[in-house]
Amino acid sequence: MSYPYPDTPDDATIDDLEHPGHARKTEPTPLPKIQLAVIYAIKLTLPIALSQSIPYYNVLIEKLAASEGAVTGYYSGLANGAFSVSRLVATFLWGYVSDSRGRIPVIVLGTTGTALFTLLFGLSQTFSAVLINRLLAGLFYGITGAIHSVVGELSDETNQSIAFPLYDIISALGYVVGPMIGGTLAEPAKKWPNLFINPVWTSYPYLLPCLVSATISIGATLLAIFVLEETLPSKRGRKPKQLLEPEEDPLIVPLSDATIIDVVPNVADLQPLSVRELLSIPVLRAVFMASGALGFAGACFNDTFVLMAYTPLHQGGLAFSPAQIGRALAVMGAVSIPLKLCMPMLLRRFGTLAVFDFSMLAWVATFASMPLASLVAQHATTSTLARAVDETSRETSVGEWTMVGFVLFLSRLGCLAFSIIMILTRDHTPGSASLGTANGLAELAQSLAMAVGPTIASSLFAFSASKHILGGHLWVVFMLLEVAFGSWTARRIRKYRND
């Protein structure tokens, strides 16, 4: 069975998007700036909460799990896998609930839970506590599908090439701010002993960055309660408190203010399709497959880059200190911002699928370049006779930072595809009422890949490094095969879209 796409352009318009030289002149619909700013601010808190722990994460895991060097990869992969598994379970459920109860209740619960478990992470003093914390935190991070849906419902096909890249820029900004918070505020009693004299800061050296991040998440909760307007077509115009109450007459749908796109919903907007019906659409199946492949590549890069940065030079790593890891991740996030500012222009010039194909291919170059960064670091250390008992105390050369910056730049080119997945999901979902479920399925595919990806990649990394197979880079071969599969899924989307 095939379904129309009432929220998307017809075939001619889709063709126009892929061939912008022949596109009709269409004035973009004005975006609701205040509501977009609110949902962007809410989105910002999630990557901050997630990434603030990255600079000190492996140091904490090494201490709590009594491991060292590359062996830490097994434990960090286990904890990251727990987060991804719980996110996997929750993502689709949150999307389904947001299609029935509304976007705001889901967002409020998610940001509140994120604040709670971010704070508790800073109080964890055993590996078991970290493992349980990551498992529970993933449940609340799964609200991203509902947030995607809000952006999709605040935009249409004339302005989504602006709304979604800006949304992704906010996510990138979160990955700049988060590592800066973690790298700067971790172990405050050591850095500022005269200011943090209370024993609590010595007992809980990572509490301060977690406390700051949790406070930011609480701010997002307040924005969702008091400022954000409901965008689900059947719930528009209702306040968060009303969304938690039973409907007296579900056939009467109040109008929202005129800033929200499609104020009067059509039949397709009010009647969501089942999961089976959505999966029966070939192009959506291809989008979900691509989403999974992309999530696998992105999660594995985030995990293996930090592991490589932390691992000693002789095991194929970079021997970075936590502060250096924090700076590298902040640079990675900063690089994303100008790239994503260019996305509207790139999408208009080349079309969504062309940019998506290029981004997936960028992952091939990313993983192929990572061993070169380690080789440059080893050469720089040997040539300057800078090797010390504590490799993290050595001076890092300009050549090392240049190569690391190049790898991070390539990875950010690959991450442009995350914005396009959201656009493709919105474009091919029949009706806004199914958008939460469709986004949930796309997120589900990503979460499934993220659940198994870091565990597999971390284990392969640890095995490669400890056995020194291919110079500690056997894991790279596996990742190159995976991203090649991702490029194939991108071509499948084009095939079904053109059918």
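Cβ coordinates come from backbone N, Cα and C, glycine included.
Where the annotation comes from TrEMBL, it is an automatic prediction and has not been curated.
Annotated features, as they stand in TrEMBL:
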REGION    1-28  region 'Disordered'
COMPBIAS  16-27  compositional bias 'Basic and acidic residues'
DOMAIN    37-490  domain 'Major facilitator superfamily (MFS) profile'
TRANSMEM  74-97  transmembrane segment
TRANSMEM  104-123  transmembrane segment
TRANSMEM  135-154  transmembrane segment
TRANSMEM  166-186  transmembrane segment
TRANSMEM  206-228  transmembrane segment
TRANSMEM  286-308  transmembrane segment
TRANSMEM  328-347  transmembrane segment
TRANSMEM  359-381  transmembrane segment
TRANSMEM  401-424  transmembrane segment
TRANSMEM  469-490  transmembrane segment
Under an 8 Å Cβ to Cβ limit, what residues of the same chain, 6 or more beyond the ends of the transmembrane segment (166-186), are close to it? 36, 39-41, 43-56, 151, 205-206, 208-209, 212-213, 322-323, 325-327, 329-330, 332-334, 336-337, 340-341, 343, 412, 415-416, 418-419, 422
How about the transmembrane segment (401-424) and the transmembrane segment (328-347): do they have 3 or more C-beta pairs under 8 A, pairs 6 or more apart in sequence? yes
Looking only at residues six or more beyond either end of the transmembrane segment (359-381), which have a C-beta under 8 A from one in the stretch? 290, 293-294, 297, 301, 304-305, 308, 313-314, 316-319, 387, 391, 394, 396-397, 399-400, 403-404, 406-407, 410-411, 413-417, 420, 471-473, 476, 479-480, 483-484, 486-487, 489-490
Relative to the transmembrane segment (104-123), the stretch among 74-97, 135-154, 206-228 with the most Cβ pairs under 8 Å is 206-228
Averaged over the domain 'Major facilitator superfamily (MFS) profile' (37-490), what pLDDT does the predicted model reach? 83
Sequence-remote contacts (6 or more beyond its ends) of the transmembrane segment (206-228), Cβ cut-off under 8 Å? 34-35, 38-39, 41-42, 44-45, 48-49, 52-53, 56, 60, 104, 107-108, 111-112, 114-116, 118-119, 121-123, 150, 178, 181-182, 184-188, 196, 200, 240
